[in-house]
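Quick look at what Swiss-Prot lists:
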REGION    1-54  region 'Disordered'
TOPO_DOM  1-150  topological domain 'Cytoplasmic'
COMPBIAS  36-47  compositional bias 'Low complexity'
TRANSMEM  151-171  transmembrane segment
CARBOHYD  N216  N-linked glycosylation site
CARBOHYD  N224  N-linked glycosylation site
CARBOHYD  N410  N-linked glycosylation site
ACT_SITE  D438  active site
CARBOHYD  N481  N-linked glycosylation site
REGION    508-527  region 'Disordered'
CARBOHYD  N520  N-linked glycosylation site
CARBOHYD  N578  N-linked glycosylation site
CARBOHYD  N895  N-linked glycosylation site
CARBOHYD  N991  N-linked glycosylation site
Amino acid sequence: MPPPPFRDAPSSAKSSQRYTPLHESIPEELNDKQYSSDADSLPLSDPSDGEDDSEIRLRRVDRNGTRSNQATAYVPVVRKSGDVEAYFDSIAEAELELLSASRQYDGVDDDDDDSDGYGVGVKRGQRQGLLKRTHDGRTGWRTVYYSKYWWRALIGVVVVLVLLVLVFLGLARSKQVGDELDYSMIPAESWFPSPRGGALKEWAADYQKAALLVGNMTLIEKVNITTGTGWQMGLCVGNTGPAESVHFPSLCLQDGPMGIRYADHISAFPPGLTTGATWNRDLIRERGIAMGLEARLKGVNVLLGPSMGPLGMMPAGGRNWEAFGSDPVLQGVAAAETIKGIQSNGVMATAKHFVMNEQEHFRQPFEWGIPTALSSNVGDRALHEVFAWPFAESIRADVASVMCAYQMVNNSHACENSKLLNGILKDELGFQGFVQSDWLAQRSGINSALGGLDMSMPGDGLHWADGKSLWGSELTRAVLNTSIPMERLNDMVTRIVAAWYHLGQDQWERPPPDGEGGPNFSSWTDDQTGWWQQASVEAGDQDGGWGIVNKYVDAGAGHGDIARKVAAEGIVLVKNNNNTLPLSRSPPSPYRIGIYGDDAGPALGPNACPDRGCSQGTLASGWGSGTVEFPFLVSPLEALQGAWETEVEITPYLQNMVMPVSVQDKDLCLVFANANSGEGYIHAGGIHGDRNDLFLQKGGDTLIQAVANNCAGPTVVVVHAVGPVVVESWIDLPGVDAVLFAHLPGQESGNALVDVLFGDVDASGRLPYTVGKSLEDYGPGAQVLYENNAPVPQVDFLDALYIDYRYFDKFNITPRYEFGFGLSYTSFELSKLYIKSMQWKSRLPKSRPQDQVSPPEYDTRPPVNENVLFPEGFHALSKYVYSYLPSLDGTAAANYTEYPDGYDLPRQPSEAGGDLGGNPSLYEEMAKVQVQVANTGARAGQTVVQAYVSFPSDVVEEGDLVEVPVDEKGETVTFVPSKEQVEFPDRVLRNFTKIALEPGEKKTVEMTLSRKDLSYWSARQQNWVMPDGDFQIWVGQSSRDLPLHGKY
């Protein structure tokens, strides 16, 4: 998302707009002289320039980073004699058989015309070194660009070509045996064409209305709807152009995942991490309803939340706090409930960031001074089972919009990755809404449209607020010259309009000049009057539209209770020696209380730093576009000062340093410490988005030790943090009596904390992540890449199946506090586990159902005799993104040839698809799990009953054909499929429920397990497979407290 308006966003190093096949290109802005050239062939380094001789060897690589369920690839490794490898041999995805050893980058000069590239003859460098492979009888291409020195790459090409000859000879021989070695189990890199929306009955009526409306729009109006008007070129952070002839309004898109950003009279709800820590489905839904209502009252069409990416694979990831925790099922449930709540008020929700936006370092090139964004590399199985899981649940919840991520996935930008957007999102998961880019995440024009992107935000292309769009007028030109099919544009527009109808926004009051609707606030000023097109005015154009921009509609009234309840239930009690908590409101007099740490106080106020881009005072949210302008913030100190019923002596020490004399006479010591992080465009306190480590910040660990070692009474530690923190330096100190992980509580911070400290609310939060004893405990695949490791930074998620607690279980690592853990002020006992089979097991789901309805048919012809030029006398605002063309240059139909390979070979629909979220058979109930829960304590309280599944052991799949001798001498051989072991985590969360019980009360809770819950994604079969054998069902109150066990 964008930087705040007060801050000039840095520019990328490249201004020319270029378009190359999405899976054959380093991103367009890469202009390092070592890697790009204007010549027809790339200049290679002279091998006699003093370099040592190089050794070429093959490295065996297992797909997906494991030896299960994947074939083996051999990757050429160029090694400098006596030196390190010259490139980082990251495996782009589980589908690779071979990687090429060289790469020719786009050769367009930096000074080329910005507006070219849409089928009008842009010069390109020659492609070299591509390796050909067979997939389902078709030809595909793979590229890689890790070689650091091109002369080594040339040698590598020769070696690889020799290997290819041997490989193809082997393939030819194997085809005489059968088709098994056609590698049909390996999904293609590309997926075309983009599936049309409107094939599901739930959306059929909306698509019919949308198709009719779109059919009456001009080309200019259609492009308007797909392209933002530019940064600060409307009242919201994102604004689309209108279609005035059919009275379709400009849409307002506004952050975010914890409330309405840049708006007045709204609520600062606890963010996603705190919400996930409640494990309370009903409460999460209530929060979503309140957020949706506030958006509706403010005139927001599209709320840019919830966030389920990052998933929390990296515990130090800067934006983990925006999402709901480090497990795909927990994330999926919380996201789905939030979406249902938001959309119940007619506001479109946005599931973001699709997908694998796990770290802030190198997510955007201009933020880090590098040529291009990093690539998050993952295998097909982990992509489905971990990262895409919560998005599937969001689509099942009928989400209207999905936002694609900044970085690349498997070396293709997420916002033009056709396998992700067309193949997985729109086909396999049945997504019926529209895909929007994150702000400036679009990196190409033609390829992003063909790859599945439907809306470009904020409209500007490669730079902030420059008015130069990758779509806009260039999309108009591309449709006219037929380089982008008219059918694709029609589907893009219809998806957006259908979502508008689907949420009932056609019934909203129309914005001016037709009515008084639309956004009633400005993201750029708090004053009542202001400019409608702020960026134009800042560029010197005084025609940016002045008027009333803030109507100060009170949207947050009545939502404080919901915010407070979420914050309280999101507090996790992890230590409580001798029942230190809850505190008494009537302690004996005199009673001296010390409150320590700047995290306890208000300091300079909640909005002292724009987008909360600093750490001062109590920590109530992380920083970045996912936060809001707080209407107020109740600090812990303020709430505590009025919490006791009898007279007590409270002395605050709002610094992170303390002298023993300030502690030794206290009857109770409350210590506050925090750890902060946020989005990568803000650097604060030496933190560049991602945390540098998992320790408390600003001397928090030292402060806790000093207080705990000297306090005369018990010490209670309160931690406000964006994720797990390492507590080993103080957690076992005798003086540390109680510890609360209060996460990020939002505006009601102090009030919610007091509710739990004094027992007005039970301590019922549970950890949505694992607290390890060190950062290294989470595994090498969970570490942020802090130093650039290649021309295109590579992050390999080799252990992604083993995220968080799964990694601890796999390697038998003892955490400090496990996933799902949390103490209560009462006690609970689970008993009487009963598992009921609901239907017979079968290995595969039912066949994909046929389309429920026919999607709209579109006119595939470009418009004829339609005026696409700026109207005569039209005053074009500076920086505004228009769809009009200044001239007809480049609009003649052209034989565009730069399409990605496979574009003209339509893909077959996935057997895993067929409805919202996938094949409906995947969500059929296979088993019911019942358990009795009893409150055995003396207080009312809540607990979270958690169900985990262990998959059968010794699961195998048929692999590649291998030679097996028929006779003893081995002179005759046959080919048989190899047997490959399929690995699984020890156990995985599959369901949970939160239950409230009075003292002595018992209740039976019931949870279901679906086919998908009991299946794994087979990269070979490209489907969800339920293995034969017994499943172990575990039920308890955390991932390591599972007293009940049964079989299914």
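Every residue, even glycine, has its Cβ placed from backbone N, Cα and C.
Features recorded in Swiss-Prot, as mapped to the structure shown.
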| residue | record | DSSP class |
| --- | --- | --- |
| N216 | N-linked glycosylation site | coil |
| N224 | N-linked glycosylation site | helix |
| N410 | N-linked glycosylation site | coil |
| D438 | active site | coil |
| N481 | N-linked glycosylation site | coil |
| N520 | N-linked glycosylation site | coil |
| N578 | N-linked glycosylation site | helix |
| N895 | N-linked glycosylation site | coil |
| N991 | N-linked glycosylation site | strand |
* Check the topological domain 'Cytoplasmic' (1-150) for me and report the mean pLDDT. => 33
* To do: Would you find the one among the glycosylation sites N481, N578 whose Cβ has the most company, meaning other Cβ atoms within 10 Å?
  => N481
* Structure fact -> Rounded to a whole number of Å, the separation of the Cα atoms of N216 (N-linked glycosylation site) and N224 (N-linked glycosylation site) comes to 14
* Roughly how many Å separate the Cα of N481 (N-linked glycosylation site) from that of N520 (N-linked glycosylation site), to the nearest whole number? -> 40
* N520 (N-linked glycosylation site) versus glycosylation sites N224, N578, N895, N991 - nearest by Cα -> N224
* Using C-alpha atoms only, work out the spacing between N410 (N-linked glycosylation site) and the residue listed as 'active site' and round it to an integer in Å. => 18
* Which of the recorded positions D438, N895, N991 has its Cα nearest to the Cα of N578 (N-linked glycosylation site)? -> N991
* **Alpha-carbon spacing, N991 (N-linked glycosylation site) to the residue listed as 'active site', which is rounded to whole Å** => 31
* To do: Work out how many Å separate N895 (N-linked glycosylation site) and N224 (N-linked glycosylation site) at their Cα atoms, rounded off.
  => 26
* **Residue among glycosylation sites N216, N224, N410, N520, N991 with least C-beta crowding, 10 angstrom cut-off** => N216
* Pairwise CA distance, N224 (N-linked glycosylation site) versus the residue listed as 'active site', rounded so that it is a whole Å -> 18
* Take the Cβ of N895 (N-linked glycosylation site) and count every other Cβ within 10 Å, whichever protein chain it belongs to. => 8
* Structure fact -> CB neighbours within 10 A of D438 (active site), counting all protein chains shown, number 25
